[in-house]
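The structure under discussion appears below in the form of C-alpha coordinates.
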Amino acid sequence: DFSKAMSQAGTSQFQEVIRQELEYSMKVELDKILETASSNELEHTKKDLEGFKKLFHRFLQEKGPSVDWGKIQRPPEDSIQPYEKIKARGLPDNIASDLNKLVVVKLNGGLGTSMGCKGPKSLIGVRNENTFLDLTVQQIEHLNKSYNTDVPLVLMNSFNTDDDTKKILQKYSHSRVKIYTFNQSRYPRINKETLLPIAKDVSYSGENTECWYPPGHGDIYASFYNSGLLDNLIAEGKEYIFVSNIDNLGATVDLYILNHLMNPPNGKRCEFVMEVTNKTRADVKGGTLTQYENKLRLVEIAQVPKAHVDEFKSVSKFKIFNTNNLWIALSAIKRLQEKNAIDMEIIVNPKTLDGGLNVIQLETAVGAAIKSFENSLGINVPRSRFLPVKTTSDLLLVMSNLYSLNAGSLTMSEKREFPTVPLVKLGSSFTKVQDYLRRFESIPDMLELDHLTVSGDVTFGKNVSLKGTVIIIANHGDRIDIPAGAVLENKIVSGNLRILDH
(Lines of atoms letter the chains of each structure in order from A and count residues from 1; the text may use other names and numbers.)
(Lines give C-alpha, C1' and ligand atoms only; values in the text may rest on other atoms or scores of the structure.)
Protein backbone atom coordinates (compact mmCIF):
# COMPACT_ATOMS: atom_id res chain seq x y z
CA ASP A 1 0.00 0.00 0.00
CA PHE A 2 2.89 2.30 0.82
CA SER A 3 4.42 1.87 -2.64
CA LYS A 4 0.99 2.39 -4.23
CA ALA A 5 0.54 5.63 -2.26
CA MET A 6 4.04 6.73 -3.29
CA SER A 7 3.38 6.05 -6.96
CA GLN A 8 0.04 7.93 -6.77
CA ALA A 9 1.81 10.85 -5.10
CA GLY A 10 4.43 10.69 -7.86
CA THR A 11 1.73 10.70 -10.54
CA SER A 12 -0.07 13.67 -9.06
CA GLN A 13 3.26 15.54 -8.66
CA PHE A 14 4.07 14.80 -12.29
CA GLN A 15 0.61 16.01 -13.37
CA GLU A 16 1.10 19.17 -11.33
CA VAL A 17 4.43 19.86 -13.10
CA ILE A 18 2.78 19.38 -16.51
CA ARG A 19 -0.08 21.66 -15.47
CA GLN A 20 2.30 24.40 -14.43
CA GLU A 21 4.25 24.06 -17.69
CA LEU A 22 1.06 24.28 -19.76
CA GLU A 23 -0.05 27.33 -17.84
CA TYR A 24 3.33 29.00 -18.27
CA SER A 25 3.39 28.26 -22.03
CA MET A 26 -0.13 29.67 -22.34
CA LYS A 27 0.88 32.86 -20.50
CA VAL A 28 3.88 33.33 -22.83
CA GLU A 29 1.66 32.95 -25.91
CA LEU A 30 -1.03 35.29 -24.57
CA ASP A 31 1.59 37.93 -23.74
CA LYS A 32 2.85 37.74 -27.34
CA ILE A 33 -0.70 38.21 -28.63
CA LEU A 34 -1.24 41.18 -26.30
CA GLU A 35 1.88 42.87 -27.66
CA THR A 36 0.19 43.08 -31.08
CA ALA A 37 -2.75 45.11 -29.70
CA SER A 38 -3.02 48.79 -30.65
CA SER A 39 -3.37 51.34 -27.85
CA ASN A 40 -7.16 51.57 -28.21
CA GLU A 41 -7.55 47.74 -28.21
CA LEU A 42 -5.17 47.19 -25.32
CA GLU A 43 -7.52 47.67 -22.38
CA HIS A 44 -10.34 45.37 -23.46
CA THR A 45 -7.97 42.77 -24.96
CA LYS A 46 -6.17 42.63 -21.63
CA LYS A 47 -9.47 42.07 -19.79
CA ASP A 48 -10.50 39.37 -22.26
CA LEU A 49 -7.20 37.49 -21.96
CA GLU A 50 -7.25 37.76 -18.15
CA GLY A 51 -10.71 36.19 -18.11
CA PHE A 52 -9.54 33.49 -20.50
CA LYS A 53 -6.49 32.74 -18.33
CA LYS A 54 -8.73 32.13 -15.29
CA LEU A 55 -10.93 29.79 -17.32
CA PHE A 56 -7.91 27.91 -18.70
CA HIS A 57 -6.48 27.54 -15.18
CA ARG A 58 -9.74 25.96 -14.00
CA PHE A 59 -9.87 23.75 -17.10
CA LEU A 60 -6.46 22.31 -16.22
CA GLN A 61 -7.51 21.74 -12.59
CA GLU A 62 -10.77 19.94 -13.30
CA LYS A 63 -10.81 16.42 -14.66
CA GLY A 64 -13.77 14.31 -15.78
CA PRO A 65 -17.49 15.10 -15.32
CA SER A 66 -17.94 17.93 -12.85
CA VAL A 67 -20.79 16.39 -10.86
CA ASP A 68 -20.71 13.54 -8.40
CA TRP A 69 -23.78 11.57 -9.51
CA GLY A 70 -24.35 10.21 -6.01
CA LYS A 71 -24.95 13.74 -4.67
CA ILE A 72 -27.68 14.61 -7.16
CA GLN A 73 -31.11 14.81 -5.56
CA ARG A 74 -34.52 15.90 -6.72
CA PRO A 75 -35.13 19.55 -5.83
CA PRO A 76 -37.33 20.13 -2.74
CA GLU A 77 -41.03 20.69 -3.59
CA ASP A 78 -41.06 24.42 -2.82
CA SER A 79 -37.89 25.17 -4.80
CA ILE A 80 -39.74 24.84 -8.12
CA GLN A 81 -43.06 26.69 -8.08
CA PRO A 82 -45.86 26.06 -10.58
CA TYR A 83 -46.54 29.12 -12.74
CA GLU A 84 -50.31 28.81 -12.04
CA LYS A 85 -49.67 29.47 -8.35
CA ILE A 86 -47.66 32.60 -9.16
CA LYS A 87 -50.27 33.81 -11.63
CA ALA A 88 -53.11 33.21 -9.12
CA ARG A 89 -51.76 36.03 -6.94
CA GLY A 90 -52.89 38.51 -9.58
CA LEU A 91 -51.20 41.86 -10.18
CA PRO A 92 -50.91 44.89 -7.91
CA ASP A 93 -52.17 48.30 -9.06
CA ASN A 94 -48.63 49.65 -9.16
CA ILE A 95 -47.17 47.05 -11.54
CA ALA A 96 -45.87 49.94 -13.69
CA SER A 97 -43.47 51.03 -10.95
CA ASP A 98 -42.14 47.44 -10.78
CA LEU A 99 -41.75 47.42 -14.55
CA ASN A 100 -39.65 50.56 -14.32
CA LYS A 101 -37.11 48.55 -12.31
CA LEU A 102 -36.74 45.90 -15.04
CA VAL A 103 -34.23 45.61 -17.88
CA VAL A 104 -34.69 43.13 -20.75
CA VAL A 105 -31.43 41.49 -21.86
CA LYS A 106 -31.25 39.43 -25.04
CA LEU A 107 -28.35 37.12 -25.82
CA ASN A 108 -27.42 38.23 -29.33
CA GLY A 109 -23.99 36.70 -29.91
CA GLY A 110 -24.98 33.99 -32.39
CA LEU A 111 -24.66 33.91 -36.16
CA GLY A 112 -27.26 32.39 -38.46
CA THR A 113 -24.76 29.92 -39.92
CA SER A 114 -26.71 26.81 -38.87
CA MET A 115 -29.54 28.08 -41.08
CA GLY A 116 -27.23 29.00 -43.95
CA CYS A 117 -27.28 32.75 -43.25
CA LYS A 118 -24.42 35.17 -42.94
CA GLY A 119 -24.52 37.75 -40.16
CA PRO A 120 -26.37 37.83 -36.83
CA LYS A 121 -29.13 35.31 -36.33
CA SER A 122 -31.32 38.03 -34.82
CA LEU A 123 -31.62 39.65 -38.27
CA ILE A 124 -33.26 36.61 -39.95
CA GLY A 125 -36.89 37.29 -40.97
CA VAL A 126 -39.26 35.08 -38.98
CA ARG A 127 -42.74 36.45 -39.48
CA ASN A 128 -44.24 38.93 -41.98
CA GLU A 129 -40.76 40.27 -42.78
CA ASN A 130 -40.11 40.87 -39.06
CA THR A 131 -36.77 39.69 -37.67
CA PHE A 132 -36.14 38.34 -34.16
CA LEU A 133 -34.86 41.80 -33.24
CA ASP A 134 -37.93 43.57 -34.72
CA LEU A 135 -40.26 41.37 -32.68
CA THR A 136 -38.27 41.98 -29.47
CA VAL A 137 -38.39 45.77 -29.95
CA GLN A 138 -42.13 45.65 -30.75
CA GLN A 139 -42.85 43.66 -27.57
CA ILE A 140 -41.00 46.08 -25.29
CA GLU A 141 -42.39 49.13 -27.07
CA HIS A 142 -45.91 47.76 -26.57
CA LEU A 143 -45.15 47.25 -22.88
CA ASN A 144 -43.77 50.79 -22.46
CA LYS A 145 -46.76 52.35 -24.23
CA SER A 146 -49.35 50.25 -22.37
CA TYR A 147 -47.97 50.99 -18.90
CA ASN A 148 -46.24 54.33 -19.59
CA THR A 149 -42.91 52.82 -18.48
CA ASP A 150 -39.28 52.90 -19.50
CA VAL A 151 -38.10 49.30 -19.84
CA PRO A 152 -34.80 49.35 -21.78
CA LEU A 153 -33.47 46.62 -24.06
CA VAL A 154 -29.87 45.48 -23.68
CA LEU A 155 -28.25 43.31 -26.33
CA MET A 156 -25.23 41.21 -25.48
CA ASN A 157 -23.45 41.06 -28.83
CA SER A 158 -20.32 39.16 -29.77
CA PHE A 159 -17.49 40.38 -32.00
CA ASN A 160 -19.29 38.38 -34.73
CA THR A 161 -22.58 40.27 -34.47
CA ASP A 162 -21.72 43.71 -33.09
CA ASP A 163 -21.12 45.72 -36.28
CA ASP A 164 -24.14 44.40 -38.19
CA THR A 165 -26.42 44.80 -35.16
CA LYS A 166 -25.32 48.40 -34.52
CA LYS A 167 -26.04 49.34 -38.15
CA ILE A 168 -29.58 47.97 -37.86
CA LEU A 169 -30.26 49.67 -34.50
CA GLN A 170 -30.49 53.05 -36.23
CA LYS A 171 -33.88 52.06 -37.60
CA TYR A 172 -35.29 51.96 -34.04
CA SER A 173 -34.08 55.43 -33.07
CA HIS A 174 -37.67 56.73 -32.94
CA SER A 175 -39.14 53.72 -31.13
CA ARG A 176 -40.13 53.98 -27.49
CA VAL A 177 -37.34 51.70 -26.31
CA LYS A 178 -33.88 52.69 -25.13
CA ILE A 179 -31.45 50.17 -26.59
CA TYR A 180 -28.00 49.54 -25.17
CA THR A 181 -25.38 47.05 -26.30
CA PHE A 182 -22.28 45.56 -24.80
CA ASN A 183 -19.91 42.93 -26.15
CA GLN A 184 -19.16 39.58 -24.65
CA SER A 185 -15.50 38.58 -24.39
CA ARG A 186 -13.36 37.34 -27.24
CA TYR A 187 -11.32 34.28 -26.30
CA PRO A 188 -8.66 32.40 -28.31
CA ARG A 189 -9.41 28.92 -29.60
CA ILE A 190 -6.92 26.31 -28.41
CA ASN A 191 -5.16 23.66 -30.47
CA LYS A 192 -6.46 20.35 -29.12
CA GLU A 193 -3.02 18.68 -29.29
CA THR A 194 -0.74 21.42 -27.91
CA LEU A 195 -3.30 23.24 -25.71
CA LEU A 196 -1.90 26.54 -27.02
CA PRO A 197 -3.82 29.34 -28.77
CA ILE A 198 -3.92 29.16 -32.56
CA ALA A 199 -4.04 32.97 -32.84
CA LYS A 200 -0.73 34.76 -33.33
CA ASP A 201 -2.05 38.31 -32.99
CA VAL A 202 -5.20 40.17 -31.88
CA SER A 203 -6.75 40.62 -35.31
CA TYR A 204 -9.94 38.68 -35.97
CA SER A 205 -10.68 39.43 -39.60
CA GLY A 206 -9.76 37.57 -42.78
CA GLU A 207 -7.90 34.35 -42.12
CA ASN A 208 -7.90 35.03 -38.36
CA THR A 209 -11.68 34.82 -37.94
CA GLU A 210 -11.39 31.16 -36.93
CA CYS A 211 -8.83 31.88 -34.21
CA TRP A 212 -11.32 33.49 -31.81
CA TYR A 213 -14.71 32.67 -30.32
CA PRO A 214 -17.30 34.18 -27.94
CA PRO A 215 -17.16 31.99 -24.79
CA GLY A 216 -20.85 31.12 -24.32
CA HIS A 217 -23.56 33.12 -22.54
CA GLY A 218 -22.09 32.45 -19.08
CA ASP A 219 -19.76 35.30 -19.98
CA ILE A 220 -22.64 37.76 -19.42
CA TYR A 221 -21.77 38.43 -15.77
CA ALA A 222 -18.18 39.55 -16.34
CA SER A 223 -18.85 41.37 -19.64
CA PHE A 224 -21.92 43.22 -18.33
CA TYR A 225 -19.94 44.30 -15.27
CA ASN A 226 -16.79 45.25 -17.21
CA SER A 227 -18.79 47.29 -19.74
CA GLY A 228 -19.89 49.72 -17.00
CA LEU A 229 -23.51 49.27 -18.11
CA LEU A 230 -24.40 47.26 -15.00
CA ASP A 231 -23.40 50.14 -12.72
CA ASN A 232 -25.21 52.69 -14.89
CA LEU A 233 -28.46 50.71 -14.77
CA ILE A 234 -28.22 50.27 -10.98
CA ALA A 235 -27.67 54.03 -10.69
CA GLU A 236 -30.88 54.54 -12.72
CA GLY A 237 -32.81 52.50 -10.16
CA LYS A 238 -33.04 49.26 -12.17
CA GLU A 239 -33.18 46.12 -9.99
CA TYR A 240 -33.70 43.03 -12.15
CA ILE A 241 -32.74 41.80 -15.59
CA PHE A 242 -34.84 39.35 -17.60
CA VAL A 243 -32.37 37.41 -19.74
CA SER A 244 -33.26 35.12 -22.65
CA ASN A 245 -32.00 33.92 -26.02
CA ILE A 246 -33.03 36.26 -28.82
CA ASP A 247 -34.20 33.25 -30.87
CA ASN A 248 -36.69 32.15 -28.18
CA LEU A 249 -39.89 33.78 -29.42
CA GLY A 250 -41.78 32.67 -26.29
CA ALA A 251 -39.56 34.68 -23.94
CA THR A 252 -41.68 37.78 -23.37
CA VAL A 253 -41.81 39.86 -20.18
CA ASP A 254 -44.20 38.12 -17.78
CA LEU A 255 -45.82 40.49 -15.28
CA TYR A 256 -46.80 37.73 -12.84
CA ILE A 257 -43.22 36.52 -12.50
CA LEU A 258 -42.04 40.12 -12.16
CA ASN A 259 -44.59 40.70 -9.37
CA HIS A 260 -43.40 37.54 -7.60
CA LEU A 261 -39.81 38.86 -7.71
CA MET A 262 -40.64 42.38 -6.56
CA ASN A 263 -43.26 41.49 -3.96
CA PRO A 264 -42.40 37.98 -2.73
CA PRO A 265 -45.13 36.35 -0.61
CA ASN A 266 -42.67 35.49 2.17
CA GLY A 267 -40.98 38.90 2.10
CA LYS A 268 -37.61 37.50 1.00
CA ARG A 269 -36.58 38.38 -2.52
CA CYS A 270 -35.06 35.86 -4.91
CA GLU A 271 -31.75 36.80 -6.50
CA PHE A 272 -32.13 34.30 -9.33
CA VAL A 273 -35.19 32.74 -10.97
CA MET A 274 -34.94 30.13 -13.71
CA GLU A 275 -37.95 29.35 -15.87
CA VAL A 276 -38.17 25.62 -16.47
CA THR A 277 -40.79 23.68 -18.39
CA ASN A 278 -41.85 20.05 -18.69
CA LYS A 279 -39.71 17.83 -20.89
CA THR A 280 -41.13 16.16 -23.95
CA ARG A 281 -39.34 13.48 -25.96
CA ALA A 282 -37.78 16.28 -28.02
CA ASP A 283 -36.04 17.86 -25.02
CA VAL A 284 -34.11 14.97 -23.53
CA LYS A 285 -30.80 16.81 -23.81
CA GLY A 286 -31.87 20.01 -22.03
CA GLY A 287 -30.18 20.94 -18.73
CA THR A 288 -32.22 20.17 -15.60
CA LEU A 289 -32.51 21.65 -12.10
CA THR A 290 -31.39 19.42 -9.26
CA GLN A 291 -30.61 19.74 -5.57
CA TYR A 292 -26.85 19.41 -5.03
CA GLU A 293 -25.08 20.06 -1.74
CA ASN A 294 -28.16 21.93 -0.45
CA LYS A 295 -28.27 24.32 -3.41
CA LEU A 296 -30.31 24.42 -6.60
CA ARG A 297 -27.97 23.47 -9.39
CA LEU A 298 -28.27 23.27 -13.16
CA VAL A 299 -26.89 20.02 -14.53
CA GLU A 300 -26.16 19.84 -18.27
CA ILE A 301 -25.74 16.65 -20.26
CA ALA A 302 -22.02 17.39 -20.78
CA GLN A 303 -21.42 17.17 -17.02
CA VAL A 304 -23.05 13.78 -16.57
CA PRO A 305 -20.80 10.69 -16.23
CA LYS A 306 -21.27 8.45 -19.30
CA ALA A 307 -22.79 5.62 -17.23
CA HIS A 308 -25.68 7.89 -16.18
CA VAL A 309 -26.51 9.67 -19.46
CA ASP A 310 -29.59 7.52 -20.15
CA GLU A 311 -30.87 8.14 -16.64
CA PHE A 312 -30.33 11.88 -17.15
CA LYS A 313 -32.34 11.79 -20.41
CA SER A 314 -35.22 9.93 -18.74
CA VAL A 315 -38.43 11.94 -18.82
CA SER A 316 -39.71 10.19 -15.70
CA LYS A 317 -36.81 10.99 -13.35
CA PHE A 318 -35.92 14.50 -14.56
CA LYS A 319 -39.21 15.97 -15.67
CA ILE A 320 -38.18 19.55 -16.42
CA PHE A 321 -35.52 21.42 -18.36
CA ASN A 322 -34.08 24.92 -18.38
CA THR A 323 -35.63 27.32 -20.94
CA ASN A 324 -32.78 29.83 -20.40
CA ASN A 325 -35.34 32.49 -19.47
CA LEU A 326 -33.73 33.91 -16.32
CA TRP A 327 -34.56 36.72 -13.90
CA ILE A 328 -31.52 37.97 -11.96
CA ALA A 329 -31.00 40.74 -9.40
CA LEU A 330 -28.53 43.38 -10.62
CA SER A 331 -27.16 44.08 -7.14
CA ALA A 332 -26.39 40.37 -6.71
CA ILE A 333 -24.47 40.22 -10.01
CA LYS A 334 -22.41 43.22 -8.88
CA ARG A 335 -21.71 41.74 -5.43
CA LEU A 336 -20.70 38.31 -6.74
CA GLN A 337 -18.67 39.71 -9.63
CA GLU A 338 -16.67 41.93 -7.27
CA LYS A 339 -15.94 38.96 -5.01
CA ASN A 340 -15.07 36.79 -8.02
CA ALA A 341 -17.66 34.37 -6.59
CA ILE A 342 -19.67 33.33 -9.64
CA ASP A 343 -18.99 29.65 -10.16
CA MET A 344 -19.95 28.04 -13.47
CA GLU A 345 -18.87 24.66 -14.79
CA ILE A 346 -16.62 24.71 -17.83
CA ILE A 347 -18.09 23.36 -21.05
CA VAL A 348 -15.38 22.01 -23.36
CA ASN A 349 -16.65 22.44 -26.90
CA PRO A 350 -14.56 20.59 -29.54
CA LYS A 351 -14.59 21.98 -33.10
CA THR A 352 -12.91 21.07 -36.36
CA LEU A 353 -11.89 24.11 -38.40
CA ASP A 354 -12.26 24.33 -42.20
CA GLY A 355 -8.63 23.29 -42.71
CA GLY A 356 -9.16 20.17 -40.58
CA LEU A 357 -7.45 21.44 -37.41
CA ASN A 358 -9.03 20.18 -34.17
CA VAL A 359 -9.52 22.90 -31.59
CA ILE A 360 -11.35 23.31 -28.30
CA GLN A 361 -13.39 26.22 -26.98
CA LEU A 362 -13.83 26.72 -23.25
CA GLU A 363 -17.32 28.04 -22.53
CA THR A 364 -19.74 28.60 -19.66
CA ALA A 365 -23.56 28.75 -19.50
CA VAL A 366 -25.46 31.62 -17.86
CA GLY A 367 -27.86 29.34 -15.95
CA ALA A 368 -25.02 27.39 -14.32
CA ALA A 369 -24.41 30.34 -11.97
CA ILE A 370 -27.71 29.66 -10.16
CA LYS A 371 -25.85 27.95 -7.32
CA SER A 372 -23.83 31.11 -6.58
CA PHE A 373 -26.92 33.24 -5.87
CA GLU A 374 -28.98 33.42 -2.70
CA ASN A 375 -32.58 32.27 -2.48
CA SER A 376 -32.81 30.88 -6.02
CA LEU A 377 -36.07 29.58 -7.42
CA GLY A 378 -37.31 27.56 -10.39
CA ILE A 379 -40.71 28.40 -11.91
CA ASN A 380 -42.37 25.71 -14.00
CA VAL A 381 -43.83 27.76 -16.87
CA PRO A 382 -46.15 26.75 -19.73
CA ARG A 383 -44.45 25.36 -22.81
CA SER A 384 -45.54 28.47 -24.75
CA ARG A 385 -42.69 30.41 -23.05
CA PHE A 386 -40.19 28.17 -24.84
CA LEU A 387 -40.42 28.67 -28.59
CA PRO A 388 -36.85 28.60 -29.90
CA VAL A 389 -36.10 28.86 -33.60
CA LYS A 390 -32.91 26.86 -34.18
CA THR A 391 -33.69 25.32 -37.57
CA THR A 392 -35.91 25.89 -40.60
CA SER A 393 -38.24 23.21 -39.17
CA ASP A 394 -38.83 25.58 -36.22
CA LEU A 395 -39.15 28.49 -38.65
CA LEU A 396 -41.95 26.69 -40.53
CA LEU A 397 -43.94 26.40 -37.27
CA VAL A 398 -43.65 30.08 -36.32
CA MET A 399 -44.39 31.29 -39.87
CA SER A 400 -47.54 29.15 -40.09
CA ASN A 401 -51.15 29.74 -39.06
CA LEU A 402 -50.46 27.83 -35.82
CA TYR A 403 -49.52 31.21 -34.40
CA SER A 404 -50.96 34.70 -34.54
CA LEU A 405 -48.79 37.78 -34.10
CA ASN A 406 -49.81 40.65 -31.85
CA ALA A 407 -47.51 43.50 -30.77
CA GLY A 408 -44.42 41.40 -31.41
CA SER A 409 -45.69 38.39 -29.45
CA LEU A 410 -46.65 35.05 -30.98
CA THR A 411 -49.56 33.17 -29.47
CA MET A 412 -50.92 29.76 -30.40
CA SER A 413 -54.02 30.08 -32.58
CA GLU A 414 -57.30 29.46 -30.79
CA LYS A 415 -58.33 27.32 -33.75
CA ARG A 416 -55.70 24.71 -32.83
CA GLU A 417 -57.56 22.07 -30.88
CA PHE A 418 -54.67 20.93 -28.69
CA PRO A 419 -51.93 23.08 -27.22
CA THR A 420 -48.95 20.99 -28.37
CA VAL A 421 -46.86 21.90 -31.39
CA PRO A 422 -46.62 19.43 -34.30
CA LEU A 423 -43.33 17.58 -34.72
CA VAL A 424 -41.72 18.84 -37.94
CA LYS A 425 -38.62 17.33 -39.55
CA LEU A 426 -37.47 18.96 -42.77
CA GLY A 427 -34.62 17.23 -44.61
CA SER A 428 -31.25 18.64 -45.67
CA SER A 429 -32.68 20.29 -48.84
CA PHE A 430 -34.44 22.73 -46.48
CA THR A 431 -31.54 23.51 -44.10
CA LYS A 432 -30.64 26.90 -45.56
CA VAL A 433 -33.22 29.66 -45.18
CA GLN A 434 -33.08 30.67 -48.84
CA ASP A 435 -33.60 27.06 -50.01
CA TYR A 436 -36.43 26.61 -47.51
CA LEU A 437 -38.19 29.78 -48.72
CA ARG A 438 -37.80 28.73 -52.35
CA ARG A 439 -39.52 25.38 -51.64
CA PHE A 440 -42.72 26.89 -50.21
CA GLU A 441 -44.84 29.07 -52.50
CA SER A 442 -46.84 29.78 -49.38
CA ILE A 443 -46.70 28.32 -45.88
CA PRO A 444 -49.15 25.38 -45.62
CA ASP A 445 -52.18 25.34 -43.33
CA MET A 446 -50.93 23.33 -40.32
CA LEU A 447 -53.72 23.81 -37.77
CA GLU A 448 -54.57 20.10 -37.73
CA LEU A 449 -51.06 18.74 -38.26
CA ASP A 450 -49.49 16.29 -35.78
CA HIS A 451 -46.34 15.24 -37.56
CA LEU A 452 -44.55 16.22 -40.77
CA THR A 453 -41.43 14.59 -42.23
CA VAL A 454 -40.07 15.83 -45.56
CA SER A 455 -36.98 14.41 -47.21
CA GLY A 456 -35.35 15.03 -50.59
CA ASP A 457 -36.25 17.38 -53.44
CA VAL A 458 -39.78 18.47 -52.47
CA THR A 459 -41.65 21.70 -53.20
CA PHE A 460 -45.02 22.94 -51.96
CA GLY A 461 -47.49 24.91 -54.09
CA LYS A 462 -49.80 27.62 -52.76
CA ASN A 463 -52.52 26.94 -50.17
CA VAL A 464 -51.52 23.38 -49.30
CA SER A 465 -53.18 21.92 -46.21
CA LEU A 466 -51.43 19.34 -43.99
CA LYS A 467 -53.35 17.29 -41.40
CA GLY A 468 -52.57 14.40 -39.08
CA THR A 469 -49.30 12.62 -39.95
CA VAL A 470 -47.79 13.49 -43.33
CA ILE A 471 -44.57 11.93 -44.65
CA ILE A 472 -43.16 13.04 -48.00
CA ILE A 473 -40.03 11.32 -49.29
CA ALA A 474 -38.46 12.00 -52.67
CA ASN A 475 -35.75 9.41 -53.33
CA HIS A 476 -32.41 10.44 -54.78
CA GLY A 477 -32.93 11.75 -58.31
CA ASP A 478 -36.71 12.04 -57.86
CA ARG A 479 -38.68 15.21 -57.30
CA ILE A 480 -42.05 15.72 -55.66
CA ASP A 481 -44.12 18.86 -56.26
CA ILE A 482 -47.10 19.07 -53.94
CA PRO A 483 -49.71 20.82 -56.12
CA ALA A 484 -51.41 24.08 -55.14
CA GLY A 485 -54.52 23.56 -53.02
CA ALA A 486 -53.62 19.94 -52.13
CA VAL A 487 -54.98 18.55 -48.85
CA LEU A 488 -52.77 15.84 -47.38
CA GLU A 489 -54.25 14.04 -44.40
CA ASN A 490 -52.44 11.04 -42.86
CA LYS A 491 -50.58 10.45 -46.13
CA ILE A 492 -47.24 9.01 -47.13
CA VAL A 493 -46.06 10.40 -50.47
CA SER A 494 -43.01 8.90 -52.15
CA GLY A 495 -41.52 8.38 -55.59
CA ASN A 496 -41.84 11.01 -58.30
CA LEU A 497 -44.56 13.63 -58.69
CA ARG A 498 -44.02 16.51 -61.07
CA ILE A 499 -46.67 18.89 -62.26
CA LEU A 500 -45.53 20.84 -65.29
CA ASP A 501 -46.91 24.21 -66.31
CA HIS A 502 -48.22 24.20 -69.87
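Note that Cβ sites are derived from N, Cα and C of the backbone, with glycine treated the same way.
Feature annotation from TrEMBL assigns UTP binding site to LYS121, GLN184, GLY216, ASP247, LYS390. Residues annotated as substrate binding site in TrEMBL: HIS217.
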From binding-site residues LYS121, GLN184, ASP247, LYS390, the one whose Cα lies nearest HIS217 (substrate binding site): GLN184
CB contacts for GLY216 (UTP binding site) [other CB atoms within 10 A, all chains]: 23
Residues near GLN184 (UTP binding site) in space but at least six apart in sequence (CB under 8 A): GLY109, MET156, ASN157, SER158, PRO214, PRO215, HIS217, ASP219, ILE220, SER223
Extent of the UTP binding site in Å [max Cα distance among LYS121, GLN184, GLY216, ASP247, LYS390]: 21
Which of LYS121, HIS217, LYS390, all binding-site residues, has a Cβ with the fewest other Cβ atoms inside 10 Å: LYS390
Local Cβ density at ASP247 (UTP binding site) - other Cβ atoms counted within 10 Å: 22
